[in-house]
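A.B. asks: Below are the structure tokens for one structure; questions will follow.
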Amino acid sequence: MSRQSLFTPALGQRKGLISHTVDLVRALLFDRRYFWHTAFLLFLGEVALSLLVIWKIPYTKIDWPAYMQQVDMFLAGERDYSKIEGETGPLVYPALHLYIYTAFHRLLPSIENVRPAQFVFLGFYLATYLAISTIYYLAGRPSNGGHHFPQVLLIPLTLSKRAHSIFLLRLFNDPIAMLIFYLSVIAFQIGGRKGWRLGCVLFSLALGVKMNILNFLPGLLVLLFQYRGIVGTVEGLSIIGLIQFLLPAPFFFSKSNPYLIRAYFTSAFDFSRQFLYEWTVNWRFISEETFLSRERAVTLLAGHLTVLGLFAAFKWSPVPGGTLRVLRKGFSDPLNQALEVSQVPAYHIPLVLFSANLIGMLFARSLHYQFHSWYFHQLPFLLYSGAGWGNMLTSVLIWVTVQYAWETAPSTISTSAALLAGHGAMVFGLFFHGMKRPSSSQKSKAK
């Protein structure tokens, strides 16, 4: 027997083992049947890493003391929202934010000892991961020309130093608002009358924590019209508006003074508030004078509305006949949905909402480091949906560029320019390489 023949079985077994391992890894990363297997493995890794972060890295004192000082004034009986303030300035967040941090104030053994609060925020962090995983999974349901969002997209969600810092070390309110928002997206994806109503309730609660949730509102308006019709849209907006009025009720009805109503809304939803140039992440490459100018604010608003209009007109109604057909159907039959659910893929709902938010980020007057949480968990979804120009290497390059800008502190001229370029590239990618509108002939063939 030759020497070569002696080793042939062993070599064959080794090749078989390698092939089996490659197949297993491929299945864990891309096969929909193993989506939750991979998601759970990553979840366990996040638990271990997050506990290590809390244990080893000191808490960063930024807004937590100010939140607690604002709560102290609220508990002391102050009901004029414009007079509630902390060491970082006046209270500029809606009422649910104040109630949540009041609960922290009451339940924690000491507001100076933030470690228990960090474990609560660890719960928020892990719940957010599970919520966004659910959104990706539901978006990948194989129906109506849809496609699977592979679980490999979940890996980047575990790689951000900035995300761990925002949730676990700084205890900002942004993660709370985003968690509630993601729960609303799941409700919208589940659908049905109850799903959309519950989604609107959750959306309004998220808005009751922080007004950045308004970035998603243009997309939600489009979706409500498409899935619920005119009457359903009015119903959804009424739910959102009613909750926004009920949340601050203790401030309105504590004294019969109409001024308190105006004081609340002008403080909690102050669209004219100036941002500090020293904290900007996305506009460091312009002068402070230009940064603070009214002309720049007006230009950004005009650009924001224009791009939203373009997406609403050409991208957010991916059915034969497009937006005009959806509008005609909606206005001719206001009691019913303006498009057939069977006409759009499962990823339509999160794609519209997330792209509306990305457009808002592109035209934001200023972004601070905690605002990273407004869209970090959405980036792999968007890049896979066209924001990466349909190319894996381009997607990776954009993701790395954007993350590098957020991880660099303080911001520099180059990192701000890179962040703006990354946002612009993603918006252009979504517009030119995103969801395609099927032609009537394609639709008929599909049938």
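Indices start at 1 and increase along the chain as displayed.
Using N, Cα and C of the backbone, Cβ positions are placed for all residues, glycine too.
Bear in mind that the values here come from a model prediction, so they are computed numbers and not experimental data.
Pulled these from Swiss-Prot:
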- 1-34: topological domain 'Lumenal' (TOPO_DOM)
- 56-83: topological domain 'Cytoplasmic' (TOPO_DOM)
- 105-118: topological domain 'Lumenal' (TOPO_DOM)
- 140-170: topological domain 'Cytoplasmic' (TOPO_DOM)
- 192-204: topological domain 'Lumenal' (TOPO_DOM)
- 226-232: topological domain 'Cytoplasmic' (TOPO_DOM)
- 254-296: topological domain 'Lumenal' (TOPO_DOM)
- 318-343: topological domain 'Cytoplasmic' (TOPO_DOM)
- 365-379: topological domain 'Lumenal' (TOPO_DOM)
- 401-411: topological domain 'Cytoplasmic' (TOPO_DOM)
- 433-447: topological domain 'Lumenal' (TOPO_DOM)
- 35-55: transmembrane segment (TRANSMEM)
- 84-104: transmembrane segment (TRANSMEM)
- 119-139: transmembrane segment (TRANSMEM)
- 171-191: transmembrane segment (TRANSMEM)
- 205-225: transmembrane segment (TRANSMEM)
- 233-253: transmembrane segment (TRANSMEM)
- 297-317: transmembrane segment (TRANSMEM)
- 344-364: transmembrane segment (TRANSMEM)
- 380-400: transmembrane segment (TRANSMEM)
- 412-432: transmembrane segment (TRANSMEM)
A.B. asks: What stretch in 84-104, 171-191, 205-225, 233-253, 297-317 has the biggest tally of Cβ pairs under 8 Å against the transmembrane segment (412-432)?
C.D. replies: 297-317
A.B. asks: Would you kindly list the residues that approach the transmembrane segment (233-253) from elsewhere in its chain, counting only those six or more residues past its ends and only Cβ-Cβ distances under 8 Å?
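C.D. replies: Cβ under 8 Å, 6 or more out: 79-81, 94-96, 99, 196-197, 200-201, 203-205, 207-208, 220-221, 224-225, 260-261, 263-264, 268.
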A.B. asks: Counting CB pairs under 8 Å, which listed stretch among 84-104, 119-139, 205-225, 380-400 touches the transmembrane segment (171-191) the most?
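C.D. replies: Most Cβ pairs under 8 Å with the transmembrane segment (171-191) come from 119-139.
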A.B. asks: Would you say the transmembrane segment (119-139) and the transmembrane segment (205-225) are in contact under the rule of three or more C-beta pairs closer than 8 Å, pairs 6 or more apart in sequence?
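C.D. replies: Judged by the Cβ rule, the two regions do not touch, with the required three close pairs absent.
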